[in-house]
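Asker: My questions will all concern the structure given below.
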Amino acid sequence: MSNSSSVYDWFQERLEIQDITDDVTSKYVPPHVNIFYCLGGITLVCFLIQFATGFAMTFYYKPTVTQAYNSVSYLMTDVSFGWLIRSVHRWSASMMVLMLILHVFRVYLTGGFKRPRELTWVTGVVMAVITVAFGVTGYSLPWDQVGYWAVKIVSGVPAAIPIIGDFMVELLRGGESVGQSTLTRFYSLHTFVLPWSLAVFMLMHFLMIRKQGISGPL
């Protein structure tokens, strides 16, 4: 008996991986499914590209108001293929938003939000909100003029909310004005809170799809 077969048998005995493999590879695909049903999967691919390129940029990015812009400039001009990594990150971000919008339209037009898939739709809407938050927080990280004023405007929007508005503004900014605490918060959101939140909701989304299957034609 070969070593590879022994290893496989060891895992099979404990995890029954063959049953998992059979379930994944034998899932029924309805005949009405076409290329537009791939938009959600493309959105996932864009997210994975975002994760990989974003992780690479954390080796060079410095989340301080005095060094953020210069660290991005250094990445673009001095790091080997740094310009490509950041460009792919930006392009895939735009592609992710576009694919998400098209995916939402496809699901809505084909009635994929109806019973019994309401919770699948809800998790999708939550992921759409998280994706928008990704864009807002990522836009500010270079800390150039565009990023600074974008943060100032966006973080000031909750001020219009009665009672808790001022508290939310101070929570986002880390104080009364935009500064280092604001950049730190946005960096933390963009690189830790939002990615893991999106990953959790993606897992829930996919498990529901696996359980309920793809919605039928109208």
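Each position is counted from 1, following the chain as shown.
Note: Cβ is positioned from N, Cα and C throughout, glycine not excepted.
As annotated by Swiss-Prot, transmembrane segment applies to 35-55, 93-113, 119-139, 189-209. Residues or ranges marked as heme c binding site in Swiss-Prot: Cys38. Marked as heme b 2 binding site by Swiss-Prot on the basis of sequence analysis: His89, His190. According to Swiss-Prot, the feature heme b 1 binding site maps to His103, His205, an assignment based on sequence analysis.
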Asker: Out of Cys38, His89, His190, point to the one nearest His205 (heme b 1 binding site) in space (Cα versus Cα); all of them are binding-site residues in the record.
Answerer: Cys38
Asker: To the nearest whole angstrom, what is the C-alpha distance linking Cys38 (heme c binding site) and His89 (heme b 2 binding site)?
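Answerer: With the alpha carbons as reference points, the distance is 21 Å.
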Asker: Have a look around the residue listed as 'heme c binding site' and count the other CB atoms within 10 A of its CB, chains all included.
Answerer: 14
Asker: Let me spell it out: take the transmembrane segment (119-139), skip the flanking residues so only those 6+ beyond its ends count, and list any with a Cβ under 8 Å from a Cβ in it.
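Answerer: That would be 50, 93, 96-97, 100, 103-104, 107, 112-113, 146-147, 150, 154, 186-187, 189-190, 194, 197-198, 201-202, 204-205, 208-209, 212.
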Asker: Could you tell me what the rest of the chain brings near the transmembrane segment (93-113), counting residues at least six beyond its ends with Cβ under 8 Å?
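Answerer: Here the qualifying positions are 36-37, 39-40, 42-43, 46-47, 50, 120-121, 124, 127-128, 131, 134-135, 138, 214-215, 217-218.
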Asker: Could you give the Cα-Cα distance between His190 (heme b 2 binding site) and His103 (heme b 1 binding site), in whole Å?
Answerer: 23
